[in-house]
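First up is the structure itself, then whatever we jot down about it.
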Amino acid sequence: MEPVLGVKIGCLFALLVLTLVCGLIPICFKWFQMEAARGRHRQVLSLLGCISAGIFLGAGFMHMTAEALEGIESEIQKIVMQNRTESGGNSSGDANSAYTDYPYGELIISLGFFSVFFLESLALQCCPGAHGGSKVQEEEVGGAHVLGLHSHGPLPSPSPSQSPFRALILLLSLSFHSVFEGLAVGLQTTVVATVQLCLAVLAHKGLIVFGVGLRLVQVGTASRWAVFCILSFALMSPLGVALGLAVAGGDSEGGRGLAQAVLEGVAAGTFLYVTFLEILPRELAGPEAPLVKWGCVAAGFAFMALIALQDAVDTPRGTNSGAGKKHFEVKKWNAVALWAWDIVVDNCAICRNHIMDLCIECQLTRHLPLLKNAPFVTFKHLLPALCVVTKHPRPS
């Protein structure tokens, strides 16, 4: 067995065990059940829920949304550059700028948000009785909302009947994300890269799955179904690792890149929907200790932000999905190559083809819009260096 294969199998089991342990702790211990809590115990659970809300908020913005935006932008830039190569470098710069400047990532994330919004609205429209609560309760909620317009009081908590549906959406969006994280681990080619990326995934996955287990308990999910949900979620990252192992010997990109980026964007949008319409309103609904709750939410978010910072520093070059950060020197060279593309290499088809190969290989074409205003002063130093690297004589 090759060393890297053994490490990947070890990562597969590590992801499975950590997810199961962290997710089952809130389910197996009655201490985490809000219904049986009284006094200080209940207050501690409420603050713990606020911390988990901050963790979800941080996971949504610092991990899922950031990775989806990076992946979508990279794939769009790659398509634009390939089109320019096929057209011989004669395509309109304004048209390419319009393609690359449009916020495709934000659009796809918003589509994920509105998709879940539509499904929930459709379910409530088709089953009016499932909205939960009597007419009196609805009037009370409406009164609380009107009062909130004047007193800036807390928002009413979500309907109990909506909570299980939103918990399911939360689980599905995280499952999509977990599969792609596992896929990135499975596609690594070295032991060091595999271990570093796996540690980066483990660092935030344990916190997130603990929050999922706590959320399932708080919305009143039956223990049997809660265990089933955690078990299903725990299998997602190992499934991704297995898929990565299956395709590692061939072309790991193929047509997967754009589809993966779009699915990650949709998953990020659904995750943000649940975070803002279910998790945060529920935790902030009560009037008790609002500043302490704010501090707990901020602490959870800050912890995820620190993990994202550590990921950016430690994750090796060459990883897939948005989790992989490329080496600075590779970025620097490709910035020069992309600038040369726009300024000088239309006179040298061989150099242009070499530059295209470098940009696709390193997947850094997303930096093209940032290089439009590069200083022209170093032009006289650029072309000789470019032709030396491509081993092609300098054009006259």
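Quick reminder: no glycine exception, Cβ is built from N, Cα and C everywhere.
What TrEMBL lists as transmembrane segment is 12-32, 44-64, 107-127, 167-187, 193-213, 225-246, 258-279, 291-309.
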Chain residues in Cβ proximity to the transmembrane segment (291-309) (below 8 Å; excluding those fewer than six residues from its ends, i.e. six or more beyond): 46-48, 50-59, 61-63, 66, 200, 203-204, 207, 280, 283-284
Among the ranges 12-32, 193-213, 225-246, 258-279, the one whose Cβ pairs under 8 Å to the transmembrane segment (44-64) are most numerous: 258-279
Considering the transmembrane segment (225-246), which listed stretch of 12-32, 107-127, 167-187, 193-213, 258-279 counts the most C-beta pairs under 8 Å: 167-187
Of 12-32, 107-127, 167-187, 258-279, whichever stretch has the most CB pairs under 8 A to the transmembrane segment (193-213): 12-32
